[in-house]
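Feature list (source: TrEMBL):
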COMPBIAS  579-591  compositional bias 'Basic and acidic residues'
COMPBIAS  1107-1116  compositional bias 'Polar residues'
DOMAIN    5-92  domain 'Ig-like'
DOMAIN    106-194  domain 'Ig-like'
DOMAIN    199-286  domain 'Ig-like'
DOMAIN    291-373  domain 'Ig-like'
DOMAIN    384-473  domain 'Ig-like'
DOMAIN    481-578  domain 'Fibronectin type-III'
DOMAIN    583-676  domain 'Fibronectin type-III'
DOMAIN    680-782  domain 'Fibronectin type-III'
DOMAIN    786-881  domain 'Fibronectin type-III'
REGION    564-591  region 'Disordered'
REGION    1046-1073  region 'Disordered'
REGION    1092-1123  region 'Disordered'
TRANSMEM  987-1009  transmembrane segment
Amino acid sequence: APKWPKETVKPVEVEEGESVVLPCNPPPSAEPLRIYWMNSKILHIKQDERVTMGQNGNLYFANVLTSDNHSDYICHAHFPGTRTIIQKEPIDLRVKATNSMIDRKPRLLFPTNSSSHLVALQGQPLVLECIAEGFPTPTIKWLRPSGPMPADRVTYQNHNKTLQLLKVGEEDDGEYRCLAENSLGSARHAYYVTVEAAPYWLHKPQSHLYGPGETARLDCQVQGRPQPEVTWRINGIPVEELAKDQKYRIQRGALILSNVQPSDTMVTQCEARNRHGLLLANAYIYVVQLPAKILTADNQTYMAVQGSTAYLLCKAFGAPVPSVQWLDEDGTTVLQDERFFPYANGTLGIRDLQANDTGRYFCLAANDQNNVTIVANLKVKDATQITQGPRSAIEKKGSRVTFTCQASFDPSLQPSITWRGDGRDLQELGDSDKYFIEDGRLVIHSLDYSDQGNYSCVASTELDVVESRAQLLVVGSPGPVPRLVLSDLHLLTQSQVRVSWSPAEDHNAPIEKYDIEFEDKEMAPEKWYSLGKVPGNQTSTTLKLSPYVHYTFRVTAINKYGPGEPSPVSETVVTPEAAPEKNPVDVKGEGNETTNMVITWKPLRWMDWNAPQVQYRVQWRPQGTRGPWQEQIVSDPFLVVSNTSTFVPYEIKVQAVNSQGKGPEPQVTIGYSGEDYPQAIPELEGIEILNSSAVLVKWRPVDLAQVKGHLRGYNVTYWREGSQRKHSKRHIHKDHVVVPANTTSVILSGLRPYSSYHLEVQAFNGRGSGPASEFTFSTPEGVPGHPEALHLECQSNTSLLLRWQPPLSHNGVLTGYVLSYHPLDEGGKGQLSFNLRDPELRTHNLTDLSPHLRYRFQLQATTKEGPGEAIVREGGTMALSGISDFGNISATAGENYSVVSWVPKEGQCNFRFHILFKALGEEKGGASLSPQYVSYNQSSYTQWDLQPDTDYEIHLFKERMFRHQMAVKTNGTGRVRLPPAGFATEGWFIGFVSAIILLFLVLLILCFIKRSKGGKYSVKDKEDTQVDSEARPMKDETFGEYRSLESDNEEKAFGSSQPSLNGDIKPLGSDDSLADYGGSVDVQFNEDGSFIGQYSGKKEKEAAGGNDSSGATSPINPAVALE
């Protein structure tokens, strides 16, 4: 076992701060050994930037400290081969303490010179070392002037003192520098590294079989640094020692033998050598005669796609080596086409395949012994193409992205479309909906930043694969700021601190700014306030803080997608108290009573208190006096000053006060004591009529001394008293306009034409409004509104009857109507227009109309100002609407009534017709009911007063023509019939009389119901829903009570004007004639246009007034005259 040479180890004495080297000098060894420095307790000596063990085993101290004073520094040597550890005698290091350690710049302890040259073997590791001394302890840097360090193969060890480069290559040749630095200077050493290599093979000679007459070539190519020397031996004899023969020659390291014969079978040896090593290789040469043979199977089929390269195999064997030819089906060589190219091993390559390359190809192998042939079949398929590949996308986090891919394939091949993400295959996961893959679509849900990357659509068959790639970027708000540090805490006395942070992840969108926020957990916990924002390229800032705030900071990164998560919170720091730096703002003095003044202000925010509490020093005095200030210190943000005169100006000051002192000198604000109601009355200058719905009102400015406060403006109130003909008795709606104090006129618009208005103007201040000046004015006439209704009724194939209602808003005195119409169809007449001078007119009959044209009718009411807004209707005559058709007509019955319903035909002209109910059975003659006049657009009609349990025939007549017949039976038990003669019993007679009385009572009730439903009703009730205030003059001053315009004379006039249907209706050709059911017909109309007719059978009734029977009035001759 190796032993340490015996030596006497003397103590090493050194002064504190100086450098020292403790030598190891282990015994020599054939194998690498390991060195350890320990103390007597078998504990390793701690190593750091100051204390280091070098590659030679010595222990270096850059500078010693008194703590290094030990007597048991022991060097141990470990021999792994023999598993032996030996130790050196302990070294006693004695450090003398000093009070003045001298700083010194670095000096290299190893290596000691300024440069050195090293040779490194290729493929082996290279270790460079620099150990320096100095005070303060130097740091070591490594540089490579000739280029960058190979980061993937270089490591720094031993506190940067050792550089290790793995697997050295030729590119590592050059200069390496180590630089030792401290605050006083630097020292450097240059390593000049030369990379050399032992010989290694580039091309090793191979054994081969040759035929007679061939040339044999054995390549022996090697490389190394320095370049190795190559020598050859044949059968163990150096070529130089063989007889000079033209058969053997060496050319660029290759051994070439010409015209070999069977006797030339031999073994050759190639030897390459330099100072770093030796290479040796054997190769055999066999010279034989063999017939040609093709090893590739015959009639083999090859498939490839258009545009690719096909390889047809033809591996031939023989001695001599057979020649190989490729022929087409015509026996012609294929090499005439430049797309065909042969290989030395017999393979035929065909590049840029085309569809017409499909066919059979023949391989012919021949030597001096024989020739053989095989067939190769080639099929060229359509190439797979991606017609629409995925497109790169930029999507927000949490959204989804869809990639689409479409491809075309050869129909005879099995197609496949798959997706890859960053090189790995993507598949739908079992329970996860992250990926959805279907029909060439890839959908990625719930995008996260880990999903960004390259996504590929792979379209493939068994013959080819094509790929289209797209890039996905996932963007979003930044990530959290990972680290936040407070520094310069000594600046807190100046209310400042420095905040530094680490940059946040930008998530593919540049960080635009950082928001610095703080929280005061004492005053406003969990509420964050922004201290400001800094640019996104900045990672630190010095903040100006407020006194007495418990600051806890956090930083949030912001990009165009919004703020990210905030950083972890910082430690809490507290700034010292100070006097207030601000005073309250928005100081006001206003009275809420005539004898006080309330001083208010906006209180300071807690972060401006600069102390735990704050109060306010309020001072005031009358404006213009130089007397002393009155003052009071309060905590609330208001103060009430009592016993003041009305509306007197005061000078006011409010100053913040805390335990540390007062705030800055406050500004003086002017306030006023309480206001009183104004006494000024605006003087009207006049009213200018602008048009029928607008006027300009002007007044003189009021005396400000009479306002008793701040003039806030003017209240203009106006209301309509009624039209110029009749004043309204209804509830008055008043309109208000507020005019600024600096304005003395106003335009009142939206007024009703031809109306009387009352106007009031009042000045107002903060207390309220003063007395009003009043004025009355009238607006001139305007154009009326549109007529309320316009109905078209067919009269014949060339005539129409127009019915209308007057406009709700007359806006003056109606002078009549303007009726215009023109055909809509091409080739019709031009527009016709004429005036209807009678304002009371409600109908007009148009004749000479074209039977087959559709017309547009326009009706306008007029005043002296002209025609107003028009009402428009379209329609045609009876010929245009076709034959009257009742469509789906049906009848239902109750006990004493029946309902006839029908569906009006679309486009059918409106008309009137009669409905007649005719009882069937024994009492037919005595039970007839009067025909009723009905409008087609009603859709239904109800006939009352029918007998229970009775069959009725229903007849429909139009213009003396029978249109429809149907039957219905009422419900119930039927009427009681008397026997032909005599009474059965006295009791029966009593019962019969009782039934008659009861039936009479029922009939009275039905008559009352009928009268209440279909009889006369109050015109003013109807007017309440259809006529406005101008068309409904007031009867007296009570609200909502209207004057009825009906009169006995009007009733008699209308009654006498009712036409007699007896003269209009002629006997019909059928047995059912209206003459069978009564003499004269009394036809009446409701105001809504529906008709109620009754066959009275007595002309006396007509003379007495036909309206008494039903109470209805006709829209042709209305019982109400409108304004």
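Just so you know, glycine gets a Cβ as well, placed from its N, Cα and C.
Residues 477-486, 489, 492-493, 495, 497, 499, 501, 504, 507, 517, 519, 521, 545-558, 597-604, 608-612, 614, 616, 620, 637, 644, 647, 650, 652-664, 666-667, 669-675, 766 of the same chain sit 6 or more residues outside the region 'Disordered' (564-591) yet have a Cβ under 8 Å from a Cβ within it. Mapped onto DSSP helix, strand and coil, the domain 'Ig-like' (199-286) counts 6 helix, 51 strand, 31 coil. Looking at the domain 'Fibronectin type-III' (680-782) alone, the prediction's average pLDDT is 90.
Broken down with DSSP, the domain 'Fibronectin type-III' (481-578) shows 6 helix, 50 strand, 42 coil.
In terms of DSSP secondary structure, the domain 'Fibronectin type-III' (680-782) contains 3 helix, 59 strand, 41 coil.
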